[in-house]
Every structure is written in structure tokens, then in C-alpha cells.
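Peer 1: Sharing a structure below in C-alpha cells format, with a few things to ask.
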């Protein structure tokens, strides 16, 4: 066992003495040491229950003859960090989480790890650590929260964000906004739609790194506690089998994960996280692969924010395994999973509990919701290296649109003008200097897009940015524009009134300005300087472009 390096032989008497100070017995010294990597904290709704899941995991480890050791990682709530300076720290936290897990596991020579994350950047941070460390690992994602219920319909956090826009135009009273605020987030768990956290949980299950059914089992569901305990039991067997992440995850696994992502209409943030994750597995996953598979993989389930259904409905309809069953003719069924079985073997054992709901909300390949997958990659002279849009959440009227630019150099300026009514139907809002280096930190523009949505403008106004979007964003919102403005990308050269062409079916994003004019603007371009200190200064120096996953050297 790896852990023998800290507990075997007379020269390790001091190490054993310290372990015994924690209560470890001589008999436990002969058992596998399993790290339980918990991202529990008191401020993230998606994480407030993870202490209980960790206890279930540890019980499972003990049941199977292992010795659990729990330690914690940090976590940022994107919803609480949204719309202000705090969002600059969300994406950078991904690598900090990964690094801290590596430090703890390497320093203490654990035999295996159980990773317990829930929310947006925390799941990819844990997954990236698993790929980098390559010791037996299993992931227990924390599960979605229950949706709210207001005015006789289900609600979620996006209902509240869009309520702000509706309130600003007088469409919603202060009382009604307060009701949304009070009742839309139902307690423990990740936000209730197919936003980034739940997308990443689905991707984790599709990659084979969590047990079947884990992604959609809700935070308050006893099923989640059982999966946590079973994961603890399974990790001990994985240590004995030496079944490591790189034996499970291959390039074909990533293709499976992307196809599931496309079928469920997942968050555009996967185009950042999956390439970064592939990098830690020693693989190259180009942005173009997402578009290739999107053209081949239909959108099969209409979930929030692009449709009426919530994660609760998805779970009852069968969750990720049900979608993979629909996609089985396209998937690589020979890929291994953490339970030691292949994707195909798991699907053969999968049982649909609610056949009526399964049929109602998960479409078939023959009659999909949309013929193409949830995400499209656009290129053109405004985004030579690519940009992304959640096409499954775009109104058909806005899939092709040309309009004048309204240019803002930060999210705050854009938000002020949107709420002041300065953005009109037909406009294309441009928010720049919000990329990985320019922000720094590549903030999400959910406050801006939700305000536009709440004001009823998503059928007439588009937004393009070198920043990114929440998984809760809907509408013609195009992000991750590469190269970004701070690196002299064409988005830095856009002026108010310039015409921008968006054509999602043709995958085009063009600035309708002559090459000669653009060359003149480029010659005069001087990027603005921002005062950046602390961790963000280090991040700014080492982060790469969004089209390669925003990885950090």
C-alpha cells in the first residue's frame, strides 16, 4: 500500500506515534488509509450538508475495512459571488482546490480518495486533482436542492435573478420579488436546474467517476446517503484492485461526457472545465470537439434554464443513466466506471422506475427536442479562436441576428445601463475586459443576462463577452470570446454602433467592420491597466485562454 511509506518499519516509529495521537490503532495501521476530501462549509447551500455525507462515506470505508481521514477544501458559491468583485475569485478557485488536494494527499501518502464536492468550480477542482494524482478515487457529488414553489409554479435561483430585472421595469412588485427571494431556494443542494454544478455532476457520472445515479440524487434524498456509504465501501475495493482514474477515464470517456452534456443542455462552463480536466489526464480536448459532437448529438431533455423541467423531474425520470440509455447507440459502451463495470454493463442493469415520466420528459433520438446538442461553438473575425453559446436556451427568433453594439468595459457598467433602460430591442451588448487575464478571473455575466431576461428582452437583445456565463443563463448570450480583449483580441476593437452578425446555425460571429478599419483600430489600441494584487495577480500572470480551458501553469 502507498501508505506503508508512513507506517512500516522501525524508522517510521515517529510517524506512527503521530498517527496514534489521532487515535489510530496498531490493527488499523495494516488497513488502507483513505482520504475523505470534503468541501463542506456553512455559506454555500450546495455544501451545508456535506458533513453528513462525509460521515456516510466514512462509515462505508470502515464497513469495507479501511481507515478514513477527513480533510476539507475551500469552496466559492457562484450565486453569492455573482454581480460584484467576488466573482473574480470563482474560476481561480478551481486550481487552488486542485492544488490543496494534491498537497494533502501527497504529503500524507493516502491509498485512495473519496471526493465530496457539489458546486460549480469545486467539482472540476476535485476531478482535476483526481486526474493529477492518479490514485484510486471516487466522487460523491452533493446533489441538487429541491425547487421552490411560488404562484403555483416551480422556481429556482434564476427566477430570483430574473425577478430583479422584472422589478426594475415595474413588472414585478417588491412584495412579489421578496416572495421569490424567500421561497425559491429550497435548502441544501446545488441550484435546482441544469446549471453548472448539476451539469458537472452529470459529466462526472458520464465519465465513470461516480456511481450510477449519483448525479441527480438530491441532497435531501436518502438515496444520496446510501450512494455516499456505497462509495466509501467501493473505494476500499478500488485500492485493492489498484483501479485508478487514468484506467477509467480515456479520450472516449470524454466523448461520452460531452455527448451527455449536449443531450441534457448543460452549461457552457463545461467547455472550460473538461479541457482543463483532460489536461490533467494527459489528454488534449480541443474546443472544436464540443461542436463536432453537438452536431451529432441531439438535445433530449428540456431542463431549466432552457426549459420547464427541474432536476427533480430529471431524477425521477431516471437521471444520467436514462439519458445514456437513449444515447447508447452513440456512446462508447466499453468504457470502465468506478464500480468496476463498463458503461454498457451499467446500462444493462439500469431499471426505469417511473416509465411514464421517463417517456414524457426524455425525448428519443428519433424525436429529439432539438436536432443538435445544447452548446454551439461560433467563430469569425470577432472570435477567431472560438466562442460558445448554449443554443438550446436561445429563442428561435434570435438564432440569426445582426444588430448594433452597445460596448461596456466591465460588467458593472453594463448592468447599470441595462437597468437604466439604455439597452433597446435589437442591440447587442458587448462586455469586455472580463476574460481570464482581463478580469482577471473571467466573471460570469448572470446578473446582466438575467436582468435582460427579466425585462423581457431575450427575444430582441443579445450579449457577447470575453467573460463567461452561469449555467443558469438563457438567451442569445455568447461567451468565452477568444482571444480576449486584454490580449488584443478583436472584441477590444469594437465601438458603439458597430454592427455584429450572429448566426448560430452557421456557427458565425462576425464584426461587420472592414479589415482596413480594424487594422487602424488595432494600431491605436492600448489595453487598459488594472491594479491587481494577491492571488489574482499570480493568476493573471499564469492563466491561459478560455478556448484551452483557462488552465494555469
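Cβ from N, Cα, C; glycine included.
According to Swiss-Prot, the record shows the following:
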| type | residues | note |
| --- | --- | --- |
| ACT_SITE | 470 | active site, proton acceptor |
| BINDING | 78, 120, 121, 444 | Mg(2+) binding site |
| BINDING | 119, 191 | [2Fe-2S] cluster binding site |
| MOD_RES | 121 | N6-carboxylysine |
Peer 1: As a test of the contact definition, list every same-chain residue at least 6 positions from residue 121 (Mg(2+) binding site) whose Cβ is closer than 8 Å to its Cβ.
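Peer 2: Sequence-distant Cβ neighbours: 76, 78, 90, 91, 93, 94, 97.
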Peer 1: Measuring CB to CB from residue 191 ([2Fe-2S] cluster binding site), give everything in the same chain under 8 Å that is also at least six residues away in sequence.
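Peer 2: For residue 191 ([2Fe-2S] cluster binding site), the qualifying residues are 45, 46, 79, 144, 145, 156, 157, 158, 185, 197, 198, 472.
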Peer 1: What is the set of residues, excluding 78, 120, 121, 444, whose C-beta falls within 8 angstroms of the centroid of the C-beta atoms at the Mg(2+) site?
Peer 2: 76, 81, 87, 90, 91, 119, 196, 197, 269, 470
Peer 1: What's the CA-CA gap between the residue listed as 'active site, proton acceptor' and residue 444 (Mg(2+) binding site) in angstrom, rounded?
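Peer 2: Taking the Cα atoms only, the residue listed as 'active site, proton acceptor' lies 6 Å from residue 444 (Mg(2+) binding site).
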Peer 1: What three-state class does DSSP give residue 470 (active site, proton acceptor)?
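Peer 2: Where residue 470 (active site, proton acceptor) sits, the three-state DSSP reduction gives coil.
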Peer 1: Count the other Cβ atoms sitting within 10 Å of the Cβ of residue 444 (Mg(2+) binding site), across every protein chain shown.
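Peer 2: For residue 444 (Mg(2+) binding site), the count of other Cβ atoms within 10 Å is 30.
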Peer 1: Quick one: what's DSSP say for residue 78 (Mg(2+) binding site), helix, strand or coil?
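Peer 2: The residue in question, residue 78 (Mg(2+) binding site), is helix (DSSP, three-state).
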Peer 1: With Cβ-Cβ distance below 8 Å and at least 6 positions apart along the chain, what are the contacts of residue 119 ([2Fe-2S] cluster binding site)? List them in sequence order.
Peer 2: 44, 46, 47, 75, 76, 77, 78, 142, 190, 196, 197
Peer 1: Which residues, sitting 6 or more apart from residue 120 (Mg(2+) binding site) on the same chain, put a CB under 8 Å from its CB?
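Peer 2: In sequence order, the residues whose Cβ lies under 8 Å from that of residue 120 (Mg(2+) binding site) (at least 6 apart) are 76, 78, 90, 195, 196, 197, 200, 269, 471.
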Peer 1: So, in DSSP terms, is residue 191 ([2Fe-2S] cluster binding site) helix, strand, or coil?
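Peer 2: In three-state terms, residue 191 ([2Fe-2S] cluster binding site) counts as coil.
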